[in-house]
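Here is what TrEMBL records for this protein:
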type	residues	note
BINDING	A:51, A:54, A:154, A:188	[4Fe-4S] cluster 1 binding site
BINDING	A:226, A:229, A:249, A:255	[4Fe-4S] cluster 2 binding site
BINDING	A:264, A:283, A:286	[3Fe-4S] cluster binding site
DOMAIN	A:51-201	domain 'NADH:ubiquinone oxidoreductase-like 20kDa subunit'
DOMAIN	A:221-299	domain 'Cytochrome-c3 hydrogenase C-terminal'
């Protein structure tokens, strides 16, 4: 990957948003777009079995904001919710740009890939009177792309649409595209920084950021929520909230912080105003491969936690629990996950399922 | 000779929608709206802990998860036999209200405006349908500038939302029994500061921009009439039992105003890929039994009807039923593309101003949440108004688990296919008579459809395995 040099990237970055402030006239915005777009890496964004939440979350990016991202960092060739193009013009846009920018563009995939019945459960347009199946199109675009970003837990691990009984046979992007090419940015939805920061790493250093066993960048998913939780002292002192809006550790209300990897406690959400646990609600484990089935039910407390937290990387524990959610709370808890007691299944405990 | 035009995908909406129209003599003479709301979320919910519905149903839609959070918690409150304390009710309204503002601003500027305004000649503003852009350069430039400003404003609305909602998209602050958040003066002033900025934007930029576009596209007051039946479930409870709502509930059917009776709702299935045996059932008894390949069917959306009639839902319905003079004063012209945009903008202002008053009703230090227990057996119903229209959730609980869960969402009303009597859905009806100048650039069709703010809540497009969809086209 050598599309954009570090110097070029920094040049874009220094082209400050202030010069495009609202007091400036629009031709300047247009000028910036037309010029910047020439050197900016092309991005094509497509949606499968998704809810659009990941796209909406990206719009909430603060530094850089979405304006700066669009004007100065990427050249967004197609996005289903943002692009002016519609109908056949849209189909020509994403197919044509992929061909034109073969080997150079970044493909962002939002949503899981429905594969049941040859993938007919999802199409993203029509060409020559034929529906374009999502599962076929992402293979085609994935092959042409320089790298693929699977944004959100659905694209990364299957997520909600793949929850039992997985009616449309949804699978993660990495099961239909060469996983070496795929970077997972899980979260339901992901924090905008997780996407923007990962992309910045790729553009600056010309490589995918280092990832854990589950293909997510360690720079954002390297630590356990529980270890950095502002309510951690309550846990250590065995003070537990018994109802929403009470002070105390939220473990009894079902908090999955001890088995969830992300930097939410230190990064905070929506411009830093709040995040789930600060708002009195348990972590629901939305960045984990087991979300929602293996990490649910959402409001059921996890099995008795006897040991104070032991930090461990997802890699270490991933070895032990296989596809089940990696954890960091000691052998007792791991045993429960492996035997299926934690990760209580919605209908019945599937003993021995990993 | 009639010519078929297919718009697929309809972008700049939530989810995946396909529109087919037949054009004869430069006008639409028939229309079919096909889409899905079927990722099987209702099926996925069966057998789960009822409380999980509140988080899982939010994932139906990332644009208005607060609407599903609201409907599902009303539903669970109802099934659990509880009601939130005053603070809990107000916090829920403020969280939801913040997303109303976000959603309406996003819809006008980022989803719809590019049908009327020419963006700069660069990605993502090109390629586009070419042709009928009428704004003079200076005016066009101003609205493009506001497009950029509106990106900042909608983000601010989400920040405001997160103060009580925890995070957005997919909130945690709305839970059965009230809210998980607590309140204090700092949070209130933080919220209020952002609200004031948003209110000013809505009153001084958003509404004037809608009026500016209306000035140059006056003919769109006569395009997109639709069925002219309107329905609202009512939104934003003003009493703790939920009966009194800020946005009024009601029905406007064949020119007559009526009281809403949710028992009159049924779902027709003749033109949907679901088993006919379950047709015309009330959603409480609803069965989601897919039947791919059913003869004559063309959509994965069911066709909900009220007392047997198609109903338009959304801001136009709410403002009309709520007696908004500026909307009702338009008379028949309110039932139009521009009538819908105007109603949405006026509603944003109404909600924003009301939120400022709700903030003052908060009582710091008092509870925000009512504790509850899950009953072994129960039923519930939760009705609210999503930004894009009437939203209903129904639940049956057996043995502490979800035995049945059904959601009837706004776009199922608006973008529904024909019903068992062959009557077209509201968007289909609105498309009839729409002039189409250039079949290669059917921008008029896109304008009519987007004015409804469709939210397909799922980018999945479902159809018959192994069969050509064309077989079902009636053209």
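Cβ atoms here come from the backbone N, Cα and C positions, even for glycine.
Sequence features annotated in TrEMBL and their locations in the structure.
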residue	record	Cβ neighbours (10 Å)
A:51	[4Fe-4S] cluster 1 binding site	36
A:54	[4Fe-4S] cluster 1 binding site	30
A:154	[4Fe-4S] cluster 1 binding site	33
A:188	[4Fe-4S] cluster 1 binding site	27
A:226	[4Fe-4S] cluster 2 binding site	27
A:229	[4Fe-4S] cluster 2 binding site	22
A:249	[4Fe-4S] cluster 2 binding site	25
A:255	[4Fe-4S] cluster 2 binding site	29
A:264	[3Fe-4S] cluster binding site	24
A:286	[3Fe-4S] cluster binding site	26
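Restricting the binding-site residues A:226, A:264, A:286 to those with a CA within 10 Å of the CA of residue A:188 ([4Fe-4S] cluster 1 binding site) leaves A:286, listed by sequence position. Cβ proximity to the [3Fe-4S] cluster site centre (mean Cβ of A:264, A:283, A:286, cutoff 8 Å) flags the following additional same-chain residues: A:187, A:225, A:256, A:257, A:260, A:262, A:275, A:276, A:277, A:284, A:285, A:287.
On the backbone, the CA of residue A:226 ([4Fe-4S] cluster 2 binding site) and the CA of residue A:51 ([4Fe-4S] cluster 1 binding site) stand 28 Å apart.
The two recorded residues, residue A:264 ([3Fe-4S] cluster binding site) and residue A:229 ([4Fe-4S] cluster 2 binding site), show a Cα separation of 9 Å. A 10 Å cutoff on Cβ-Cβ distances gives residue A:283 ([3Fe-4S] cluster binding site) a total of 27 other Cβ atoms nearby, all chains included.
Comparing residue A:249 ([4Fe-4S] cluster 2 binding site) with residue A:283 ([3Fe-4S] cluster binding site), their Cα atoms are 11 Å apart once rounded. Each residue contributes its Cα atom, and for residue A:51 ([4Fe-4S] cluster 1 binding site) and residue A:255 ([4Fe-4S] cluster 2 binding site) those atoms are 24 Å apart. Here the C-alpha separation of residue A:255 ([4Fe-4S] cluster 2 binding site) and residue A:154 ([4Fe-4S] cluster 1 binding site) works out to 21 Å. Here residue A:54 ([4Fe-4S] cluster 1 binding site) is compared against the binding-site residues A:229, A:283, A:286, and the shortest C-alpha distance is to A:286. Looking only at the binding-site residues A:154, A:283, A:286, the one with its C-alpha closest to residue A:229 ([4Fe-4S] cluster 2 binding site) is A:283. In three-state terms derived from DSSP, residue A:255 ([4Fe-4S] cluster 2 binding site) belongs to neither a helical nor a strand segment and is classed as coil. Checking the binding-site residues A:51, A:54, A:188, A:255 against chain B with a Cβ-Cβ cut-off under 8 Å leaves A:51, A:54, A:188. According to DSSP, residue A:226 ([4Fe-4S] cluster 2 binding site) sits within a helical segment.
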